[in-house]
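Annotated features, as they stand in Swiss-Prot:
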REGION    29-61  region 'Disordered'
DOMAIN    74-293  domain 'ABC transporter'
BINDING   G106, R107, S108, G109, C110, G111, K112, S113  ATP binding site
REGION    308-335  region 'Disordered'
Amino acid sequence: MTGTTLAATYGPISGADLEAELAQPRIADGDAQDAAVYERDGGAHAPPFASGGAPPDGDRADVRRAAGAGDASVRLTRVSKRYGERAVLADVDLSIGRGSFVSIVGRSGCGKSTLLRLVAELETPSAGTLVKRGDGGGALDTRIMYQEARLLPWKTVLQNVMLGLGRRAKDDARAVLDEVGLLARANDWPAQLSGGQRQRVALARALVHRPQLLLLDEPLGALDALTRIEMHALIERLWREHRFTALLVTHDVQEAVALADRVLLIEAGRIAFDQRVPLDRPRARASAAFAALEDRVLQRVLTGSDAAPAAPNAAGPEGASRGRAAPASGLRWAV
């Protein structure tokens, strides 16, 4: 099977998200054939991502303590989003600290992905202000990763990682493939990879740009449990090494607690719950503290009220522990 055959049988590319992510870089790179496909589908008119410098240096513990404080990379003030008469988000106030890892959970249709699309500038707020500030006050370079890897099947793994970049980026692309453990598959086609491997390629494609903000829209939802845990470890390791800000949307409460410094719950278009995660990394999922915190978040999602006891030593907007924590529920999907 050749790349030409794959290109001929793939058909038109659909999905404004993919187009917005890749169209502008591909046009700038001069790949006229691929750019024509994106342009035909309207992708060239989607808002381009801002370019920026490298993520800030500094002590990660200090960065985490500052999450949501003065040094914010993303700030939303009274942001609302409507589609016609339907209000999806209403008066959202949110500050995301530079270098922090924030997870967003909530029931289906609550506005999680809409909030992510606003931060990605794939949508514009109906009201309110959104400010994204990069290192030194410049533009905040932003990349996004979806549940579907969205790889171009007529391009090799290496070529997919290099999308939007010139040929001089080949060494950088190979280096980031090595970081995600797929350098040996650089010349393979996407169809030859497993689902988890395709997501690793998608992650590499985002990280090769050295973003300051990485948005994750349920990127692991279609993977099996063991592959998800492996991907959790990979994402956490790369986050700690590259020091970008991460915003994750997920239905999986355990995933949210395992990865984030802070878990937000969206209900009826508003941030209804803001829970800090004061657990050491890497997270010990079998520990009582992890189980109690997971259960607290899950019960809050399911009941719609902050009635569950706090995790031991949990410090956050909800206050300190209020007694012995209940056992963790076997259910961890907030649907």
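Backbone N, Cα and C atoms are what each Cβ position is placed from, and that goes for glycine too.
Bear in mind that the values here come from a model prediction, so they are computed numbers and not experimental data.
When the binding-site residues R107, K112 are compared by the number of other CB atoms within 10 angstroms of each CB, R107 has the fewest. The 10 Å shell around the Cβ of C110 (ATP binding site) contains 22 further Cβ atoms across the protein chains shown. Neighbours of the ATP site: apart from G106, R107, S108, G109, C110, G111, K112, S113, residues of the same chain with C-beta atoms within 8 angstroms of the site's C-beta centroid are T114, I266. All protein chains shown were included, and the count of other CB atoms within 10 Å of the CB of S113 (ATP binding site) stands at 19.
R107 (ATP binding site) falls outside any helix or strand according to DSSP and counts as coil.
For G106 (ATP binding site), the Cβ neighbour count at a 10 Å cut-off comes to 25, with all displayed protein chains included. Along the domain 'ABC transporter' (74-293), the predicted structure has mean pLDDT 94. The Cβ of S108 (ATP binding site) has 9 other Cβ atoms within 10 Å, all protein chains considered.
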